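Structure record follows, encoded as structure tokens.
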Amino acid sequence: MESSKLYTAIKANDADSVDSLLADPSTDTTLRDLDGRSLLHHAVLLEADLHVVKALAQRVDLALKDHEGNTVLDLINAGSEPEAKRKVVEDRVREVVLAGEEGQKVAHDMLLAGWFHWPVTPQEAKEKSEQAAELLGKIMGFKDKIEAVHKALQERRVSDLAQLLQADKELAGAADTTGLSPLHKAVLFQQVELVQALITEFKEALNAKDYMGRTALHYAAALKDDSVLYNLLKDAGADEAAADLVGKSPKDYQQDPDNLPLGDLTARVEKLVGKPAPLETPKAQAAEEPAAPVKQPEPPKPVQVKPVEMYIPKPDNQRLPPPSTIDGKYVAQHLGTALTQALAEIVEKKPWDPIEYLGQWLYKYRHTLDEAAQRKKLLEDIRSEEEVANGEEVIKLKRKEEEMRIQEEEERKRQEEEAARKKKEQEDLQRQAKEAILSQKPLLPTVTEEEDEDSMFRKRNGKGQTELHTLAAQSGADLVALINLGYSLADRDAENRTPRDVAEENDLTENVEAIDNYVTNLIEHENIDALKQLILEGYDKLDAVLQQVSTDGLSESLTDFVKSIPNEQQKVSAIFQAVASGKLSEVENSMDRSLALAKDQYGRSPLHLAVLAGHKDIAQYIVKHFRTSARTRDNLNRTPLHYAVALSEELSELLKANGADTNAKDFKQRTPAHYEADKEEILALKKTLLVSSDSKVTSATVPEIKADDDSSPDDADDKDKD
């Protein structure tokens, strides 16, 4: 490695040369030194520029470990000021996942090597693409399988380990965070029973290599066990000539075990994952219990004759390498299993008289075999009788299973049809919303005084809800697209609910987050004008976002604005309080055009409130100085004139003389003339208007709002908390 041009450029911290060499396809980026370090390891250790590290991260395998088991990320985290370089590594991992199908092989190889750091959230992957979300799901699933295999190995659950590996034999060579495969760890801790199980059923694990290119046979060669495991692996087919990164074969380590310090490796592994569980040797008189299967939902079982349960002990018939001599074969056939278990128990218990203990153990073993055979025969006879007795019940069960299958199929089709219907409804709503927006002027007031009445008009349904309210109550809706078309987050329905309130009441967390993320995006892009507009329109959910947003890194102007939001909200509240209290001087001193078009938490403008409270002088001041205010709308699309015609002829004439539209329609398509004849609703609003002790205008009760004739039955019960 040291003689390569790329290593020389890295050592010199020459970013241009590194870029040039990496652009050449013939440059070998897989080089590693005798300590297992890759080019990227050296770049981190040499504290190369961030650009060099970033360029190498695109070409070098991040999962590689050095002789101490450290990945590049481990070295970065152990260094000083690791944030920038750690972000480079995490960005590369994120790039692999978000590449979807193209990154699948790279991610799979990293998992097999023991890389478990995947800094990508399901939401981030889903927003990127369906392929990315699918790949992340596969990564997490395969990672869980690897962890389950190594946990079974750690706890020495042989049957569970075999079951997991049978389901996916590739896991037999998969490493965990230690960088070692199951067979490497079993040999390292001299777990003979696990080694036997692995090499018997999963031959592919024999020549799997660790992060230094060593097979399990390399480890066995350095063990001081009289070559027991070495011969076991060799007889099973392990390659004695396999060379590791330093060029040594298992035979080399067998001749000089000190060249492979397994004690240090054992200590590192125990530090990472702990010591393996002690061996629980099956007793001669105990039965081998199979691993409990994972229970799956099943259809109702038929009533059957309860089967007879019987304890049938059997010895643990572990498979051993076949002996080579005739005498050896004879002993193995008749005594191998019994002696193996007996000697293992003697080693564990260390009895005072091992010979007597062995004799008694073998006697009990023989007695247990005879008794087990008798019980097994008896149980087989009973089972045969039970099968005959349960024949009819089996037929009934199959019939019920078929009925359940048909019902499940019908339910699946119904759910698919329902999902398709909801999707079509959402598409229709979004299409209608776009058409409605394109057919009218912008929804936000402009800076000109000559705008017409329609610029403040919100199309609403029988509940006073805009299209944004409707979509906020549906799962999977694209709210941001509708907001970008001009719909306001501050719009309120007949019950004074914003779209965010509707989403919360329907427990649609994803819609609440989409709205909050939109506001967060306004802050991050320093869209101060849009944020001010939300405050003026009475949007009271900014605190939910501001509590989560840090001002660190924001511009000075945006930071100042965020800090001033409580004051801005207080200014809006103060102007409404002054209007409601009839304090003309305060209104004259504080009112400007933006405040004249502001709204309270019920969607009313100051002019609405002045008319409702009967303060002619304030109403006259507002409409004379801010003519646009005569065309403002409340949460039910009513103008101040809708209020005035029901309350005061003098106020009504004042508004008409200053630009109020006599043809303006509310959410039920009613003009002001309707309220002149039917004053009950507006009079109820006036009666319920109160000024609370904390100087906030409130509405004590809610008058009834009658639904349109063509609205749903539920609409008839809607209340206007105006």
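Cβ coordinates are placed from backbone N, Cα and C, and glycine is handled just like the others.
Automatic prediction, not curation, is the source of TrEMBL annotations.
The compositional bias 'Low complexity' annotation in TrEMBL covers 282-295.
Positions annotated as compositional bias 'Basic and acidic residues' by TrEMBL: 410-434.
What TrEMBL lists as compositional bias 'Acidic residues' is 710-722.
Residues or ranges marked as region 'Disordered' in TrEMBL: 280-303 (among others).
If you look up TrEMBL, you'll see 410-457 (among others) marked as region 'Disordered'.
Feature annotation from TrEMBL assigns region 'Disordered' to 693-722 (among others).
Along the repeat 'ANK' (212-245), the predicted structure has mean pLDDT 91. What TrEMBL lists as repeat 'ANK' is 212-245 (among others).
When Cβ-Cβ distances below 8 Å are used as the criterion, the repeat 'ANK' (602-625) is approached by residues 491-492, 496, 538, 575-576, 579-580, 582, 584, 587-588, 591, 595-596, 632-636, 638, 640, 643-644, 647-648, 650-651, 654-655, 658-660, 682, 685-686, 689, 697, 699, 721-722 of the same chain, each at least six residues removed from its ends. What TrEMBL records for 602-625 (among others) is repeat 'ANK'.
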What does the DSSP secondary structure composition of the repeat 'ANK' (212-245) look like, as residue counts for helix, strand and coil?
15 helix, 0 strand, 19 coil
Could you give me the DSSP helix, strand and coil counts for the repeat 'ANK' (602-625)?
18 helix, 0 strand, 6 coil
